[in-house]
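Trainee: What follows is a structure written as structure tokens; I'll ask about it next.
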Amino acid sequence: MYFDRLFYGKKSKRSYRYSIPSWSDIMKKHTIYFVAAGAAGAAFGLYLYYLQRGRAVLVPKDPNIYVLEGGGMEVHVSALGATITKIIAPDRNGVRGDVVLGFDDIEPYMTGQSPYFGCIVGRVANRIANATFELDGKQYSLNANNGPNTLHGGLVGFDKVWWSAEFEDHPEGRQLRMTYTSRDGEEGFPGTVQATVTYRLTTQSPHASGSSALVTEMEATTNKATPISMAQHTYWNLGGHASGSVLNHVLRLVAAAYTPVDENLIPTGAIVPTKGTPFDFSNRHKIGALIRSVEGGGYDHNYVLAAPRKGKGAEGSGVRLAASVFEPTTGRAMDLLTDAPGVQFYTGNFLDGSITGKEGAVYQKHGAFCLETQGFPNAVNDAAFPSVIVRPGETYKHTMVHRFYTR
């Protein structure tokens, strides 16, 4: 074989042992291969340099994990994708456990093994049909990364870039402020976007109601009209990240309608009442109670939330209750409040046992659920949906409050 000849030389006629040539002989005979290897190495080095300047994540810029603590809880956040990698919460007996799926180290997030575990997705969360949209008379073509569609911002969305991060003081407690600049033309989107995400773990928020609350605030501005709809994509399992199926979790969704989807999971444009369908969680019941009646192997649908309330109080200041979840074995419970028009309820349908996560846990189908508050999927192509277009001088704002307690 070639590598035998390269490193061990030709067979001697006197024996079948290999004689070892000098390095000078190797260089004379194989210069072209060494030159090609050197050129490839140099090209790869330039590629990494390009990626490091804000595009992708093969080489870490800031591998640190930032930790927020309070109320007996911990929230761990990576600068890569502004990703929540761990949330420690007590059960009804005070036993603390990690309630989000993820990995023990940064490498799987960097190498594309993560199905958006815990990250911020954008510039536009969810799907854009056929990876294209028209804005102000101009057609824009995006990178398709989900069949014919663009999903969660494209090939290199907000989840796959490094965010700057710093702790800062807030009247409700210490918070982590993260920023990223998405350049004009990135993934095909127009305009340079300045995006900010702030995580705050507090018991002092008016939304906390005496419990621990994780407040997530997303903001963005742009110098050109562009669609912006960011989402926080944590995979939850209140029984513990390695505890298996979430189908026994009890869920209530404060939504009377949802947006049906086609075979590519693109909304059809209809807004359909949930009453009398497997999508009705207006009265709390187990996630798995009617899941077999849902096409596609589980829930992956956008629910239409009521308009945000105005005023003060736990469900004022622009946010309102969107969902409540309870895990009977541990007693852990979580309320989700938001000011977004929709929430994507997803039941981990594409988890298939091929991912090994934290502490060697193997994540199987329905091993987690997501509640991604957002603008409606494909809203940029459907004028009947709430607009996700942000223009110069405007500020995109999106707030989520996760309230934790036990029962």
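Backbone N, Cα and C atoms are what each Cβ position is placed from, and that goes for glycine too.
Quick paste of what TrEMBL says about this protein:
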type     : residues                                       : note
TRANSMEM : 31-51                                          : transmembrane segment
BINDING  : ASN126, ARG127, HIS233, THR234, TYR235, ASP300 : beta-D-galactose binding site
ACT_SITE : HIS233                                         : active site, proton donor
ACT_SITE : GLU372                                         : active site, proton acceptor
Trainee: How long is the line from the C-alpha of ASN126 (beta-D-galactose binding site) to the C-alpha of the residue listed as 'active site, proton acceptor', rounded to the nearest angstrom?
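Mentor: Per the Cα atoms, ASN126 (beta-D-galactose binding site) and the residue listed as 'active site, proton acceptor' stand 9 Å apart.
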Trainee: Which of ASP300, GLU372 has the fewest nearby Cβ atoms, counting only those within 10 Å, among these recorded positions?
Mentor: ASP300
Trainee: Within 10 Å of each Cβ, count the other Cβ atoms, then let me know which of the binding-site residues ARG127, HIS233 comes out lowest.
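Mentor: Each of the binding-site residues ARG127, HIS233 was scored; lowest Cβ tally within 10 Å is ARG127.
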Trainee: So for TYR235 (beta-D-galactose binding site), how many other CB atoms are inside 10 Å of its CB?
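Mentor: TYR235 (beta-D-galactose binding site) is surrounded by 25 other Cβ atoms within 10 Å.
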Trainee: Between the binding-site residues HIS233, THR234, ASP300, which lies closest to GLU372 (active site, proton acceptor), Cα to Cα?
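Mentor: For GLU372 (active site, proton acceptor), the spatially nearest of the binding-site residues is HIS233.
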Trainee: Counting every protein chain present, what is the number of Cβ atoms, excluding its own, within 10 Å of the Cβ of THR234 (beta-D-galactose binding site)?
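Mentor: Taking all protein chains shown, THR234 (beta-D-galactose binding site) has 26 Cβ neighbours within 10 Å.
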Trainee: On the Cα atoms of ASN126, ARG127, HIS233, THR234, TYR235, ASP300, which are listed as binding beta-D-galactose, what is the maximum pairwise distance in Å?
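Mentor: Result: 18 Å between the two most distant Cα atoms.
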